[in-house]
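Undergrad: Take a look at the following structure, please.
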């Protein structure tokens, strides 16, 4: 323990290794990530604007979609601008307070998104199983309460994980990642991190597996209800209303389960970067596309807005 304490370094800033030292690769990644980030900002902002302006979209489904779009917009903005700046910088430096803030914010928004996807599966369940009482059960107060609970729970989990991560004595200042991420920061510690690994696993179970279990339960009940619908057209319509949400669930939960709960290997750090990039940049870009292209009401609201602008 004395040797570990002697090796401890007072760190004022971190060096992020990013993806590659090759300049051509960095330029390519800069152009690609910039394009995806601009689409993310435009797509999620447009979803928020359409839901705000069109009264036909003032329903529980679109309320949760607007909260999800806001979370995606903030999540992408917590990582992408810093990553873009580092891709065109010779030295990829991040001050210690900025690293702590980025980790806390990204964890809070990421956790909130998982809880929101779980909450969204609940209103899908109510819409399919109790269509006549849907608007009564999912009233404005309940929707706002569920959304607030998701955000608060995500923040509290993030605060806990951030505190126990940065209370560790650190021996190195080089993070093998493109952002401040829990597992990457833990590798800098001078001491045994078994407790932190257990806490990351517990946090992962609470934030990932509990909402995922809720989604599985909700959709199992939905499938049972749909199978009792005698009309083929009614079945297709019921399945169609769930397709976009189920696509986003598989995409988000699958990537994160692979990163945090999958087996460790020699190439785990590189895989973590790729999956983290997908979740930080690609998923927030795809979410509004998935929800809007398959949604007639959103497309109708978009056409209405385009006509007004003309």
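Every residue gets a Cβ built from N, Cα and C, even glycine.
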Undergrad: Labelled transmembrane segment by TrEMBL, one stretch among 100-120, 163-183. Can you tell me which?
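TA: Checked against TrEMBL: transmembrane segment maps to 100-120.
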Undergrad: Sequence-remote contacts (6 or more beyond its ends) of the transmembrane segment (274-293), Cβ cut-off under 8 Å?
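TA: Residues packing against the transmembrane segment (274-293) from afar: 33, 36-37, 39-40, 43-44, 46-47, 65, 68-69, 72-73, 75-76, 79-80, 83, 106, 110, 177-179, 181, 244, 247-248, 251-252, 255-256, 258-259, 299, 302.
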